[in-house]
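Participant: First, the structure itself, so that you have it in front of you.
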Amino acid sequence: MNILSIQSHVSYGHVGNSAAVFPLQRIGHEVWPVHTVNFSNHTGYGQWGGELIPAAQVRNVIDGMEQRGAFERIDAILSGYQGGSDIADVIVDAVARIKEANPQAVYACDPVMGNAKSGCFVSDLIPPLLRDKVVPVADIITPNQFELEYLTGVPAHDTTSTLEAIAAAQEMGPNTVLVTSVRRPETPADAIEMIAANEQGAWLVRTPFIDFKRNGSGDVTAALFTGHYIRERDAADALARTASSVFDLIETTFTADSRELLIIESQEAIAHPRLQFEVEQIA
């Protein structure tokens, strides 16, 4: 299947398209990346070279793909960190044009804004644009618990309230919601959870918590869930496969004490998930 991935790019390390493209290829997809920034490395280092790519240039790349007849062959559009606020208009326009060419195409949006520990780390213009313009045209969204609360205005602190927030997100437009980095009162201190939901139900998976955050893990998670989901539209199966691969990736990176995700070293766990974590239906 063909996936158009509109995200940031770094030359050194793995975030954005530099984290999403190879895992998607390893699970069998053709990936057409369009970059929204071109940096030497991710901004977590505090210093970097490069620049945001102007929205007009991003649009020109997408227009060129349309001229090649690519739109009707795109099965999914994936977007992540958007760089400048005007990129939202480009993405929304591209989604509409691609769906006109191929009504079966799905749009997966990773609404990158921040997290519970760091708060919001994007421009103040980005969150309302995601909430009001981008998320409503998405079929799949992959927020963390913090981002879900912002998008919906519904506190998500336990199972019931998180499901209510997911329902509120679905009312905004997306049919399928993956919530990452979930913490509930009953979640053990040494565990972390994800919840996936669509019109067929909601499922939870719990994995060991490794207190080791590396930039790009959310990008890999969004990419793998999207890549697995679009094959069979099976949220539980996509959740199980994604959780397995991402845990093995984080564990491998942690064991090596690597500053960057060890995606190449983890490629077998990505291509062939061990499915070591049970998925529980909760709704």
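First residue shown is number 1, and so on along the chain.
Glycine is no exception: its Cβ is also placed from the backbone N, Cα and C atoms.
Summarising the annotation, Swiss-Prot assigns substrate binding site to SER8, ASP219. Swiss-Prot lists ASP110, GLU147 with the feature ATP binding site.
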Participant: At the Cα level, what's the spacing in Å between ASP110 (ATP binding site) and SER8 (substrate binding site), rounded?
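Facilitator: About 12 Å separates the two Cα atoms.
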Participant: Just how many other Cβ atoms lie inside 10 Å of the Cβ on GLU147 (ATP binding site)?
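Facilitator: Excluding its own Cβ, the number within 10 Å is 29.
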Participant: Near the Cβ of ASP219 (substrate binding site), how many other Cβ atoms are there if near means within 10 Å?
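Facilitator: For ASP219 (substrate binding site), the 10 Å Cβ neighbour count is 29.
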Participant: Under DSSP, is GLU147 (ATP binding site) helix, strand or coil?
Facilitator: helix
Participant: Round to a whole number and give the Cα-to-Cα distance in Å for the pair ASP219 (substrate binding site) and GLU147 (ATP binding site).
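Facilitator: About 14 Å separates the two Cα atoms.
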Participant: Rounded to a whole number, how many Å is the Cα of GLU147 (ATP binding site) away from the Cα of SER8 (substrate binding site)?
Facilitator: 19
Participant: Pick from SER8, ASP110: which of these binding-site residues has the biggest number of other Cβ atoms within 10 Å of its Cβ?
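Facilitator: Buried the deepest by this measure is ASP110.
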Participant: Based on DSSP, name the secondary structure state of ASP110 (ATP binding site): helix, strand or coil.
Facilitator: coil
